[in-house]
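Contents: one structure, followed by commentary.
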Amino acid sequence: MSASNITSTHPAVFLLVGIPGLEHLHVWISIPFCFAYTLALLGNGTLLFIIRADAALHEPMYLFLAMLATIDLVLSSTTLPKMLAIFWFKDREINFYACLVQMFFLHSFSIMESAVLLAMAFDRYVAICKPLHYTTVLTRTLITKIGIAAMTRAVTLMTPLPFLLRRFHYCRGPMIAHCYCEHMAVVRLACGDTRFNNIYGIAVAMFIVVLDLLFVILSYIFILQAVLQLASQEARYKAFGTCVSHIGAILSTYSPVVISSVMHRVARRAAPHVHILLAIFYLLFPPMINPIIYGVKTKQIRDHVLSLFRKKAM
């Protein structure tokens, strides 16, 4: 049989349903999503501008924060524009390869975010437990290597996904019961043996979440030990106060993951839109809340933002 007579085993386009069961509320649901996306763009964009503009903020903690802000911008921009197009214009079509690209960016940058949060925990560990060696340990070279390692790990783990999905025949139709191209939502449309995809997806998620969280927790055990050894209570508050923003970022990132995982096991019979709303919350909440956490709790960033407002008011 000639190559020209061979039909593609995948559809040219997928159709994103949006939020199944809540299609009649899409326009109303889009309002808080649009507001959260706008906050994420403004907040993370402002953080990047301030860190770039102020040479005093070119320190390890703020360089990691700039990485986190960049990742949050990419994560939210990978999914939200298309999601809003579905809600506002019923533009549900997405090209098969565009779907794979969206999935790759979504999962890759989620893994990068976890790695950067781990790097920020290491930064706080060195700052509190080994303050005299802070500048010699966390050099620009090491920070660059950490950033490259975070990117390499994410790309290496996620590169197989598009190739694995290309080999399937999608006989269950082109309708993806989701707002974006999430790996398992696409796998459910495929025929044939998808066990490897299922196992690979779960294994990667568990590997990243468990491993990174374990090292973050270990960092904070050492930090807590060092803080409790400080002589005065004021010094303890001051030392641990430098970690509050990072703890907030960890909670904002991992809490939705844990809640979604628990819901999948405890409330398996819950309506599909419950799980999808939780998945969207995971994508929207950290990019929206992280700039607020760091803006409020970090004096240098707060002072810079206030000075910008004073200049505009003059």
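The backbone N, Cα and C atoms fix where each Cβ goes, glycine too.
What you are looking at is a predicted structure, and each value in this text was computed from that prediction instead of being measured.
Some features that TrEMBL has for this protein:
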TRANSMEM  25-50  transmembrane segment
DOMAIN    43-294  domain 'G-protein coupled receptors family 1 profile'
TRANSMEM  62-88  transmembrane segment
TRANSMEM  94-122  transmembrane segment
TRANSMEM  142-165  transmembrane segment
TRANSMEM  199-223  transmembrane segment
TRANSMEM  235-254  transmembrane segment
TRANSMEM  274-296  transmembrane segment
Same-chain residues at least 6 beyond the ends of the transmembrane segment (142-165) with CB under 8 Å of its CB atoms are 60, 63-64, 67, 100-101, 103-104, 107-109, 111-112, 115-116, 119, 183, 186-187, 190, 196-197, 200, 204, 208
On the domain 'G-protein coupled receptors family 1 profile' (43-294), the mean of the pLDDT values is 88
Can you tell me which parts of the same chain pack against the transmembrane segment (25-50), counting only residues 6+ beyond its ends and a CB-CB cutoff under 8 A? 18-19, 57, 65-66, 69-70, 72-73, 76-77, 80, 83-84, 86-88, 280, 284-285, 287-288, 290-292, 294-295, 301, 304-305
